């Protein structure tokens with residue numbers, strides 16, 4: 001990653017600093033809020049977080065080479081380094097990075113995507129579309145960070161504000177002309193995308209998730225709304241646009257009063273860009289597309305009704321760049337499926353086996369609803385729920401699975417610090433007496449059982465982890481990739497070696 005040494009006085013431009021104790025002439029090599037990741041010459045942001053107080057880690061940051069700190073109270077015991085005193089460190093944290101990395105988002109066509117479901121697929125589709133339009137594009141999202149020729153496995157869907165500005169600057173350095181970012185509700189609430197100047201903000205949908213953090217749907221919606229308020233508030237020369245799903249019941253709540261122009265897409269509503277599906281198949285969906293009084297018959301190579309929304313959002317981005325719909329349709333017909341999103345698993349058992357990231361009630365319901373359109377035999381679903389996450393969705397996910405599945409196998413997801421059996425018990429409370437389900441806490445065994453019970457032509461959905469390659473327990477993490485596991489079991493069964 002490229003480096004940008006800068007005088008502290010330049011980093012402080014337009015920041016409401018109460019006091020600076022020490023020299024403003026020192027050079028800053030980077031900005032970091034994690035004392036363990038501090039490099040020599042870094043500015044350490046000592047803010048109070050949800051669990052930790054950054055001021056407690058100032059000595060560690062200094063030991064690692066920090067030459068200046070941002071804090072809310074002057075501490076005379078740290079006279080050897082410059083101290084920048086701010087009333088509310090969290091409020092101004094993003095401004096430090098925006099100054100240090102020189103607002104890289106203003107040098108890029110920057111697209112932010114928020115919503116409960118569809119962020120990852122939409123981000124991949126937008127990136128693909130922009131690159132086909134000769135706009136080299138970086139990506140920050142759930143699966144990976146793509147910074148030109150560099151690719152990194154993602155640690156968070158939306159990382160901290162300093163990492164975001166740093167990665168956007170690296171994209172510019174690597175020759176990118178555009179950036180696509182997944183923007184989570186946590187990131188918006190915790191100001192991780194502050195001072196990022198978006199050209200486009202996309203709203204996919206809002207359904208129940210993360211209520212362990214947001215407490216209720218109204219607070220969850222308010223967090224999502226912050227992305228669109230940001231478009232109104234960040235001073236910019238850009239011509240900004242919101243692209244939003246008009247079919248979502250939360251549309252008005254999230255976008256009411258927003259001044260930025262809104263372009264809508266949908267299926268059931270009279271949106272600016274509207275799709276009417278005509279047939280669903282195992283390789284994609286045939287639709288009639290309606291735009292500005294004209295209709296176009298086309299094909300999207302992604303299965304399911306929910307993927308129509310993702311495709312529409314991506315096409316809308318192209319329309320805002322004045323690309324003809326005819327051109328965009330021709331590109332959309334080649335849309336590549338993202339990893340772990342209803343990803344088909346090749347096998348010699350004649351099974352329709354899919355791995356999907358669905359980890360909410362809505363996502364699981366829609367994935368199964370989509371697969372039910374292709375049903376010729378049984379549908380067998382394998383899923384669990386993550387530990388240390390919204391507990392109220394667990395029985396609801398059981399209900400979603402039971403709505404379409406002939407057999408549900410409840411297993412472990414990422415239990416984290418929770419007891420896997422307790423999580424499974426809370427899921428099972430959502431089943432009725434007539435629902436056909438079994439419990440198998442071991443995820444490998446659960447997938448194997450599903451494959452054993454399936455007949456040729458049956459559908460198996462392994463849900464919850466998608467692209468993930470590990471399984472997280474309280475005191476250890478193991479390598480675990482649903483796609484590889486399913487493929488290996490199928491291969492052994494086809495050779496009668498399982």
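The backbone N, Cα and C atoms fix where each Cβ goes, glycine too.
Computed from a predicted structure; not experimentally measured.
The annotation ATP binding site is assigned in TrEMBL to 115, 116, 117, 118, 119, 120, 121. Following the DSSP three-state reduction, the secondary structure of residue 120 (ATP binding site) is helix.
Annotation source TrEMBL lists meso-2,6-diaminopimelate binding site at 389, 413, 414, 415, 416, 464, 468. Neighbour density for residue 416 (meso-2,6-diaminopimelate binding site): within 10 A of its CB lie 15 other CB atoms from the protein chains shown.
According to TrEMBL, the feature domain 'Mur ligase N-terminal catalytic' maps to 27-74.
If you look up TrEMBL, you'll see 113-317 marked as domain 'Mur ligase central'.
Positions annotated as domain 'Mur ligase C-terminal' by TrEMBL: 340-466.
If you look up TrEMBL, you'll see 224 marked as N6-carboxylysine. Sequence-distant neighbours of residue 224 (N6-carboxylysine) (same chain, six or more apart, CB under 8 Å from its CB) are 114, 115, 185, 188, 203, 206, 250, 254, listed in sequence order.
As annotated by TrEMBL, motif 'Meso-diaminopimelate recognition motif' applies to 413-416. When Cβ-Cβ distances below 8 Å are used as the criterion, the motif 'Meso-diaminopimelate recognition motif' (413-416) is approached by residues 359, 383-389, 423, 443, 464-465, 468, 471-474 of the same chain, each at least six residues removed from its ends.
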Spatial separation of residue 116 (ATP binding site) from residue 389 (meso-2,6-diaminopimelate binding site) - C-alpha basis, Å:
14
The motif 'Meso-diaminopimelate recognition motif' (413-416) [mean pLDDT, rounded to integer]:
98
Quick one: of 115, 118, 415, 464, which of the binding-site residues has the smallest count of other CB atoms within 10 A?
415
Output, ordered by sequence, the same-chain residues six or more apart from residue 468 (meso-2,6-diaminopimelate binding site) with a CB under 8 Å from its CB, or 'none'.
340, 357, 414, 480, 481, 482
Pairwise over 389, 413, 414, 415, 416, 464, 468, annotated as binding meso-2,6-diaminopimelate, what's the top Cα to Cα distance to the nearest Å?
17
